[in-house]
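Visitor: Before I ask anything, let me first share the structure, which is written out below as structure tokens.
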Amino acid sequence: MHGLGNSYIYVDMFKQTLDEDKLASLAIEVADKNKGIGSDGMILVCPSDVAPVKMRVFNNDGSEAKNCGNGLRCVAKFAFENGYIEKETFKIETVGGLVEATVHVQNDRVHTVSVDMGHPILARQAIPMLGEEQEQVVGELFTFEDQELKVTAVSMGNPHAVMFVEHIEEAPVETIGPKMEKDERFPEWVNVEFVEVVSETELHFRVWERGSGITQACGTGACAAVVAAVLNGHCQKGEEVIVHLLGGDLAITWQEDGNVLMKGAAEVICEGTFERK
Ligand SMILES: N[C@@H](CCC[C@H](N)C(=O)O)C(=O)O
């Protein structure tokens, strides 16, 4: 399935079991575009004790992440269309906590999904980011060789470093992305986002994802970008912002109650059986 071209191999754990110690290598295998299926990673759709469904997400390097915005919309569609849930609004458990999804249905098919992603986490040590202060990281200066970049750090359950640029086409995604991802100031590494402000309600966005590299879209990254845009005075809290990603658009609102609402598409590509060697 994919959300705006951010593709994962979804495994139905209601119907099968997998060895815990082989999950990382399985994610690497299925995501391999030459010898596997090809994707940004693997997502397990699992039964849960606290919600109708649980999501576990693995990047294509085998690392497990605590959250995935595009994955949540696809998991909601998968759970609803496979009859694991009958209500249109329901909770999804993630490794980072519970979120609430609402599926928008036409002719029994889910075309878009809204997810209440909860509160962003802004305290430096909770991102996690090294340093003494508990305060928010807004526009902190990073220098890479001759380039100076101002970073705003936001966690949506997973960590993001957001930087504002003048022209999105010139954003140094391939060069600064991998350097920032593994910078020692981020002990769990970080997802890296470049954002051009078009207006108070429109942003352009490119991402270098932790554990997967350049992807077409990142849902948690788009949420982090809007939170960072509000913190830097580019957008307004409570106003919907359209984020243009390589794979399409997301509508994101950092609501007055502090929660971030994300709305966008979720699509099935194909279904089948993967045989491990
Ligand atoms: N593509 C995702 C995020 C996937 C996990 C991320 N790479 C991480 O390691 O935190 C999204 O849509 O949010």
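Using N, Cα and C of the backbone, Cβ positions are placed for all residues, glycine too.
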Visitor: Just to be sure I read the record right: Asn6, Asn59, Gly69, Asn70, Asn191, Glu209, Arg210, Gly219, Thr220 are listed as binding substrate in TrEMBL. Which of Asn34, Asn82, Asn158 is listed for the same site?
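Guide: As annotated by TrEMBL, Asn6, Asn59, Gly69, Asn70, Asn191, Glu209, Arg210, Gly219, Thr220 share the substrate site with Asn158, chosen from Asn34, Asn82, Asn158.
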Visitor: Do me a favour and check the Cα-Cα span between Gly219 (substrate binding site) and Cys68 (active site, proton donor); whole Å is fine.
Guide: 7
Visitor: Give me the Cα-Cα distance between Glu209 (substrate binding site) and Cys218 (active site, proton acceptor), rounded to a whole Å.
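Guide: Distance (Cα to Cα, whole Å): 8 Å.
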Visitor: Give the distance between the Cα atoms of Asn158 (substrate binding site) and Cys68 (active site, proton donor), rounded to the nearest whole Å.
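Guide: So the alpha carbons of Asn158 (substrate binding site) and Cys68 (active site, proton donor) sit roughly 8 Å from each other.
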Visitor: With every protein chain in view, how many other Cβ atoms are within 10 Å of the Cβ of Gly219 (substrate binding site)?
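Guide: Cβ-Cβ neighbours of Gly219 (substrate binding site) within 10 Å number 27.
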Visitor: Per residue, counting other C-beta atoms within 10 angstroms of the C-beta, which of the active-site residues Cys68, Cys218 reaches the highest number?
Guide: Cys218
